[in-house]
Amino acid sequence: MELTTRTLPARKHIALVAHDHCKQMLMSWVERHQPLLEQHVLYATGTTGNLISRATSMNVNAMLSGPMGGDQQVGALISEGKIDVLIFFWDPLNAVPHDPDVKALLRLATVWNIPVATNVATADFIIQSPHFNDAVDILIPDYQRYLADRLK
């Protein structure tokens, strides 16, 4: 696959997702980093987004709840280049009915090469990165070339 460059803006579009057993962990992380997160555009799956808004008064673009299609909505935003960072505290010890959606979301984040945190330690590394508030170039698939090759 040919690659091209995408510039993540200084003001990031950040998706926040958490499974039920991890919501409190994400809430604590968000509250701890609220001054930094307020400088960015936030998205979240439905329940998580509403909980964050209620607890912090931050503006969060809430999708549907994860099991109702919210994970897929976030994945679509990633594939459209509208999400720059994914913070996804998923529960590795409990299966969820929408496991295929979870796998698809993580796959899309990997395909489009955006930073992903699946636990507090990694989320802390990302938000404390010297690049977090800077524009950063990343390599992504060159979809136009991909499509042109497929249509030959």
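Using N, Cα and C of the backbone, Cβ positions are placed for all residues, glycine too.
According to Swiss-Prot, the protein carries these features:
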- D71: active site, proton donor/acceptor (ACT_SITE)
- H19, K23, T45, G46, T47, T48, S65, G66, H98: substrate binding site (BINDING)
- 6-152: domain 'MGS-like' (DOMAIN)
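All features noted in Swiss-Prot, drawn onto the structure.
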residue : record                             : DSSP (3 states)
H19     : substrate binding site             : coil
T45     : substrate binding site             : coil
S65     : substrate binding site             : coil
D71     : active site, proton donor/acceptor : helix
H98     : substrate binding site             : coil
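Looking only at the binding-site residues H19, H98, the densest Cβ neighbourhood within 10 Å occurs at H19. Note on S65 (substrate binding site): other Cβ atoms within 10 Å of its Cβ, all shown chains, come to 16.
For T45 (substrate binding site) paired with D71 (active site, proton donor/acceptor), the C-alpha to C-alpha distance reads 7 Å. Cβ neighbours within 10 Å of T47 (substrate binding site), excluding its own Cβ and spanning all shown chains: 18. What surrounds the substrate site, by Cβ distance within 8 Å of the Cβ centroid and not counting H19, K23, T45, G46, T47, T48, S65, G66, H98, is the set V17, A18, D20, A44, P67, G70, D71 from the same chain. For the domain 'MGS-like' (6-152), DSSP puts the residue distribution at 70 helix, 29 strand, 48 coil. Confidence across the domain 'MGS-like' (6-152), taken as the mean pLDDT and rounded to a whole number, stands at 96.
Between T47 (substrate binding site) and D71 (active site, proton donor/acceptor), the C-alpha separation comes to 12 Å.
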